[in-house]
Each structure stands twice: as structure tokens, then as C-alpha cells.
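Undergrad: Can you keep this structure in mind? I'll have questions shortly.
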Amino acid sequence: SPQQPNVTSFSATAVAIITFEAFAGMWINTSIFCVLCIAWVKKKMLNSNEKILLLLGCSRFWYLCISWAYSFLSIIYPNYLYVHPILPLAVSSQSFFCYSDLWVSACLCVFYCLKIANFRNSFFSYLKVKSDRMVPWLLLGSEILALAIGIIAYDIADKPHCNNRNSTGQGNFWKANIKMDKHFFPSFFLSGFGYAASFMAVVLSAVFLLFSLWRHKHKMQTNSMKSLSMDAHIRAMKSILSFLVMYSINFVCLVLNMVYATKKGSPVTFLIQVFQYAFPGVHSLILIFSNPKLEKTLLKILPLERSVKCKVCMR
């Protein structure tokens, strides 16, 4: 019967791991969103960095929420996905929030580069001065592009080429085995272009920022500056490098996800999904601990505050 769950030991393990990652990521991003909303109400305004983080936290929460629901249905109740219009709505919503997450995080990296890096270039100086005015337009453009991708994804998912469709009568369920053919090539090309554009923006911003910090660190070494400032620059470089590595792995997983799109349930697909669910939560956690306000609030929420204080006292 289509209503009966299709559960194996592998699928149960997959659902358990994905559920843990998704809910942990949703909690982390909800914390960011709530803290910034409270600050917005109190101050009646947000700076550019906080605007990006607010939208990023919101996008990642809904991306994880919809992705978890989609994965849960596809693993446990796969037939429910083919009740129109659940599948196109799920694919469209997931695509919208996925691209929103990618491009808003790319905007964050570009913003950090413009604010922190120092280059003697007139165009770079112009962008540095205008960066705060550019942020709302960059975020609006990111959301419009993500919405366009979501609409295209809905149209593609709404017209699948199926080689088997069996109606179950009253329940309006039908089984479909979607073929890879010419119908899906435009969507893959569009997806690849979107992934590559955001990835290139992050890579270029991170490389410029790393080069600027390294050059500044070298100047401090030659001028015998304080080691405390040196340590801060080294920590910043390590943080940027770790984000670049994480984003690179995420980009590879997104590409592999397109390659293995028709091989649902394979161990490779599961490993790709595990990292994709981990990335929004882990990266947001790094952003929290690199922001004193967010870190302080998170430690107040978590029962870790006392243990951290105890460790500091012991030292």
C-alpha cells in the first residue's frame, strides 16, 4: 500500500542522522535570527553585517526545514511526493532557499573583503566607501535571482518525463521513475552556473582578503609590532581559510549531487547529503563565534556558560 512506510535499516539510519543535523542547524540559525531581530527592535536599525546575517539565518532555517521534510518523505513515504503538486512545490522551495543561502553567504564574504582588505586601487576604494549602500541591493538581487531559479525549478519538476505511471485510484497516488533526458539538461546547466557564480565570488573575495591580511602581517613583522595584533591577524587568516575549504567542499558536493541525481538511496548520495546538511549549521556556528554579540547570547542560552567560566577561572 502507498500509505505504508518504506523503512529499512539503512533508511532509518539515514533519517536519524539527517534529522539530527537538520534540527541542530535550524536551532543554530534560529538563534542568529532571533538575536538580530531583538537587536533590531531595540536599536531600530541594523548595520550591513547584521542585515546579511539576518537574511542568511532565515534562508538557512527554511532551507534545512524544507530539505529535511523532502528527504523524510523521499526515504520513508516516497509515494506521497508524487501527489500533485507536492513534488514541484518541494523542489521549487528547496531550490529557492538553497540559492538564497549560497548567494547571501557569497555577499557576506564579499562584504568582509571590502571592509577588511586594503588595496591601493581607486575602484576598490570606491566600492569600500559604497559597500554599506550596496548591501541592500545585493541582497535584493540575490533573492530575485533565487526566486527566478525557484520558478524555473517548479516548471521543470511539474513536467517530468516518466517511463512508468500507475494510478492508484482514489488516493491520487502514482509511481514515477523519472528519466534523465534532454528535459533536465537546462536545469542542470542553470544550477551549475548558479553554483559556480557564487563559488567564484567567495573564492576571489577570500583570496583577496587572505592576501591583504598576509601583507599586513608581514608589515607588522618588519616593524616589530605587538604580537597580540599579529595573533589576531593569524586567527583571522585561519578563519577565512577554513571557510574557504568548507565552501569548496560544499561546492563539490553540490556538483556531485547533480551527477548522482538519479541514484537516490546510494551510499555516495547519502554522504553528499550528510555534508550538505552539516554545512549551514557548522558555518553559522563559526559566524556566531566570530561575532562577540552572537557568541555571548549563545553561551547564555546554552548550559555551556558555567563550564566555560569554570575553565577560565582554573586557568
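Using N, Cα and C of the backbone, Cβ positions are placed for all residues, glycine too.
On a predicted model such as this, the values are computed, not experimentally measured, just so you know.
What TrEMBL records for this protein is below:
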type     : residues : note
TRANSMEM : 12-41    : transmembrane segment
TRANSMEM : 61-82    : transmembrane segment
TRANSMEM : 94-114   : transmembrane segment
TRANSMEM : 135-157  : transmembrane segment
TRANSMEM : 193-214  : transmembrane segment
TRANSMEM : 235-258  : transmembrane segment
TRANSMEM : 270-290  : transmembrane segment
Undergrad: Do we see three or more Cβ pairs under 8 Å linking the transmembrane segment (94-114) and the transmembrane segment (193-214), pairs being at least 6 apart in sequence?
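TA: These two stretches do touch.
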Undergrad: With a cut-off of 8 Å between Cβ atoms, can you find at least three pairs linking the transmembrane segment (270-290) to the transmembrane segment (193-214)? Only pairs 6 or more residues apart in sequence count.
TA: no
